[in-house]
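Here's the structure we're looking at; comments come further down.
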Amino acid sequence: MKGSKNQLLIAIVLASAYLIHCKQFVTVFYGIPAWRNASIPLFCATKNRDTWGTIQCLPDNDDYQEITLNVTEAFDAWNNTVTEQAVEDVWNLFETSIKPCVKLTPLCVAMNCTRNMTTWTGRTDTQNITIINDTSHARADNCTGLKEEEMIDCQFSMTGLERDKRKQYTEAWYSKDVVCDNNTSSQSKCYMNHCNTSVITESCDKHYWDAMRFRYCAPPGFALLRCNDTNYSGFAPNCSKVVAATCTRMMETQTSTWFGFNGTRAENRTYIYWHGKDNRTIISLNNFYNLTMHCKRPGNKTVLPITFMSGFKFHSQPVINKKPRQAWCWFEGQWKEAMQEVKETLAKHPRYKGNRSRTENIKFKAPGRGSDPEVTYMWTNCRGESLYCNMTWFLNWVENRTGQKQRNYAPCRIRQIINTWHRVGKNLYLPPREGELTCNSTVTSIIANIDAGDQTNITFSAEAAELYRLELGDYKLVEITPIGFAPTSVKRYSSAHQRHTRGVFVLGFLGFLATAGSAMGAASLTLSAQSRTLLAGIVQQQQQLLDVVKRQQEMLRLTVWGTKNLQARVTAIEKYLKDQAQLNSWGCAFRQVCHTSVPWVNDTLTPDWNNMTWQEWEQKVRYLEANISQSLEQAQIQQEKNMYELQKLNSWDVFTNWLDFTSWVRYIQYGVYVVVGIVALRIVIYIVQMLSRLRKGYRPVFSSPPGYIQQIHIHKDQEQPAREETEEDVGSNGGDRSWPWPIAYIHFLIRLLIRLLTGLYNICRDLLSRISPILQPIFQSLQRALTAIRDWLRLKAAYLQYGCEWIQEAFQALARTTRETLAGAGRDLWRALQRIGRGILAVPRRIRQGAELALL
């Protein structure tokens, strides 16, 4: 029975120890390689030294880091803050450089206009099909088939700087750009179209639109992830070849429809970015085919300025020829082969639903008529002028359509009133500048909508913003989240921090993500180095950014880009201080591994330290962060309260604290309290005594009249000796006495104090005498329990000692037996080897003996 009780007790103790050991607590790790999607402003860097690049971008120094991550990450070219910022910023660049005329209506005056009824120059009604591949005539300004546009010559008078004088001006307009009172006759009164919605805010000087190359960079504390998978299509599948970078690649500022020009993503293959939910696509063309486009606006025209007031000008262009705004673009390269490869690539795409074996069912198609000009025609910008090109002949040429005109060039015209490509609205620009305009571009991509079915149509699109989905769609912006939670069996970190001599371990900021693909256990071993790398990388990037800002004094103008760059300087420090403030609120400031007393909330959710990365673990427990953070803050508040109470107790442990000046002030305060209490008690006692004497019929001592200063005569009994008079005899009917009341009163107070202290002593003695019998059984029971526990521990220690001795003897016996066995086996083996050796040595002797016997 006793043995079963011992076994039960041992089982309970072991179970308790197991439960205590298996209890999981929240552990805070600082410096883990994890991240989450972010949407903060990026800053740009460029090598262009034009006005916009100098003011609004930092100089590019080509000093950027990249590291490969062993992780799998999801990318989306459309739901992407990097591409959205690129679209917004390039739009601001376009508006800043081209400077549309807005505010203050420029030409809202009546104009006397003459309509020019024009026809096609060199147009023939023959049905013969002409295929033109030679562009020499286009370069020589003798293109046949280009029509003269319907123009309206207008004359109007306006006042300039001299307000009392009017001046006559001549301007040529497209018929669609003006509104006339009488549209049937050749002479009519006309007004500029959109007169009420277009106004001027600044000088409408002509500006060149020179494309610039720039890159985006992430602020310190953030990073850019890039997908290097060749099968990535802009939305899926998840990317397994991920690279972390501080900046993007260089990209070109593109503004066009239908085609993308001078892109940086062109490779020796054709690939397609396809939106995950609709038919929007961006097709990157193979640069092997050398696809180029050359545009030209010939002519030498005179441009006269109209000055409204100081600083405001509008340029007027007299009509000199019949095609003042005519231009054309011709295409060179292996276009037909490139378009055929596009069809073949589309047929192999996983999203394609048509017949994969028949590419002849895939056709290139122009958008329907009746849409905005930017949709109907290919719109591009050439040196600040907006060209609208009719691509019908070009599509006939690349598709080899029989029965229709096929030419490798397209007629274009320059417009002043254009639709904005990023926001809904219209902008008014100045008439074309004088002189010849030429621009050359490399065609690198196609913007299209794909309608798959029995007949698959690749319809060219006017979504100019799609160009940046291709340029930056393989990037994503992430925020480094170095703080992580995980359950461990350690409840509290109480050991002193040991400082070891370590070498400097700085990999730069991106080196912090170097262990992103490692298991949690392996990454946790380098948290100290990781946290130092994080801070060192932040400081390094801050210093680099500060240096380039100092070199760029134009940043003080605080333009849109300048504000972003200045904001990027403080983002990382704010992030680092925020992380440290959060760690401090949990009691984990400046610790890489911080054990807490907060229990882990979900026992079924535990990390796989050997196979799971920190990024995977953070994605699983991200929904618990708010609750864990609140619990850690509450635990830290309670810990601070406990530490405060403990420090109050510790102040009494050191004897020198008793002699401290502040302690003596406190002692004096306590003494004053005691004196005040005694005085108050004495007053109460005196009042009680006075009332008792009044009840006996005597007046109190202090009620004597002032005339009785020396003594009070009291009759007393003659037979009673004076030495036996006591306070109790006062009030007796016999005799009278003399009582010097001041001295007697002091004696009376002393007797009362002695009686009070004696009473308190008696009460305490009685209380202790009554408590002692009550506490004695409790102490005896506690002593018996401690004795039993001591005996039980001695018994278990004896059992453990006996077991250890038995195991030791068993090991000794095993070692002795093994030694003897090995020794015997060695001796037997040695004897066998000796016999074999003697036999081998005896072979010649046996042979000789055999030969002798044979000879005998």
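The backbone N, Cα and C atoms fix where each Cβ goes, glycine too.
Per Swiss-Prot, the feature topological domain 'Extracellular' maps to 23-670; the stated evidence is sequence analysis. Taking the topological domain 'Extracellular' (23-670) as a whole, pLDDT averages 75 in the prediction.
Secondary structure at Asn79 (N-linked glycosylation site), taken from DSSP and collapsed to helix, strand or coil, is coil. Taking the Cβ of Asn79 (N-linked glycosylation site) as centre and 10 Å as the limit, one finds 12 other Cβ atoms among all the protein chains shown. Annotated N-linked glycosylation site per Swiss-Prot: Asn79 (among others), in sequence order, evidence recorded as sequence analysis.
Secondary structure from DSSP puts Asn112 (N-linked glycosylation site) in a beta strand. For Asn112 (among others), the entry in Swiss-Prot reads N-linked glycosylation site, with the evidence type sequence analysis.
Per Swiss-Prot, the feature N-linked glycosylation site maps to Asn142 (among others).
Taken from Swiss-Prot, the feature N-linked glycosylation site applies to Asn196 (among others).
In this structure, Asn231 (N-linked glycosylation site) belongs to neither helix nor strand by DSSP; it is coil. Within 10 Å of the Cβ of Asn231 (N-linked glycosylation site) there are 11 other Cβ atoms, across all protein chains. Sequence annotations record features per position, and here Swiss-Prot assigns N-linked glycosylation site to Asn231 (among others).
In the three-state DSSP scheme, Asn238 (N-linked glycosylation site) is classed as coil. Among the features that Swiss-Prot reports, N-linked glycosylation site is placed at Asn238 (among others).
Residues or ranges marked as N-linked glycosylation site by Swiss-Prot on the basis of sequence analysis: Asn262 (among others). In the three-state DSSP reading, Asn262 (N-linked glycosylation site) counts as coil. A sphere of 10 angstroms centred on the C-beta of Asn262 (N-linked glycosylation site) encloses 16 other C-beta atoms.
The N-linked glycosylation site feature in Swiss-Prot is assigned to Asn268 (among others); the stated evidence is sequence analysis. DSSP assigns Asn268 (N-linked glycosylation site) to coil in the three-state reduction, outside any helix or strand. Residues near Asn268 (N-linked glycosylation site) in space but far in sequence (CB under 8 A, at least 6 apart, same chain), listed by position: Asn286, Asn287, Phe288.
The Cβ of Asn279 (N-linked glycosylation site) lies under 8 Å from the Cβ of Asn449, Ile450, Asp451, Ala452, each of which sits 6+ residues away along the same chain. What Swiss-Prot records for Asn279 (among others) is N-linked glycosylation site, and it gives sequence analysis as the kind of evidence.
What Swiss-Prot records for 295-328 is region 'V3'.
Feature annotation from Swiss-Prot assigns N-linked glycosylation site to Asn390 (among others); the stated evidence is sequence analysis. Secondary structure at Asn390 (N-linked glycosylation site), as computed by DSSP, is coil. In this view, Asn390 (N-linked glycosylation site) is surrounded by 17 other Cβ atoms within 10 Å of its Cβ, with every protein chain counted.
Counting Cβ atoms from all protein chains shown, Asn457 (N-linked glycosylation site) has 16 others lying within 10 Å of its own Cβ. Under the heading N-linked glycosylation site, Swiss-Prot lists Asn457 (among others).
Under the heading region 'Fusion peptide', Swiss-Prot lists 503-523.
Listed in sequence order, Leu624 are the same-chain residues six or more apart from Asn602 (N-linked glycosylation site) with CB atoms under 8 A from its CB. If you look up Swiss-Prot, you'll see Asn602 (among others) marked as N-linked glycosylation site, on the strength of sequence analysis.
Residues or ranges marked as region 'MPER' by Swiss-Prot on the basis of similarity to another entry: 648-669.
In this structure the alpha carbons, written CA, of Asn79 (N-linked glycosylation site) and Asn262 (N-linked glycosylation site) are 24 Å apart. Asn238 (N-linked glycosylation site) counts 13 other C-beta atoms within 10 Å of its own C-beta, drawing on all protein chains shown. Of all the Cβ atoms in the protein chains shown, 13 others lie within 10 Å of the Cβ of Asn112 (N-linked glycosylation site). According to DSSP, Asn602 (N-linked glycosylation site) sits in a coil region rather than a helix or strand. Looking only at Cα atoms, Asn262 (N-linked glycosylation site) sits nearest to Asn231 among the glycosylation sites Asn231, Asn238, Asn457. In this structure, the CA atom of Asn390 (N-linked glycosylation site) is 35 Å away from the CA atom of Asn231 (N-linked glycosylation site).
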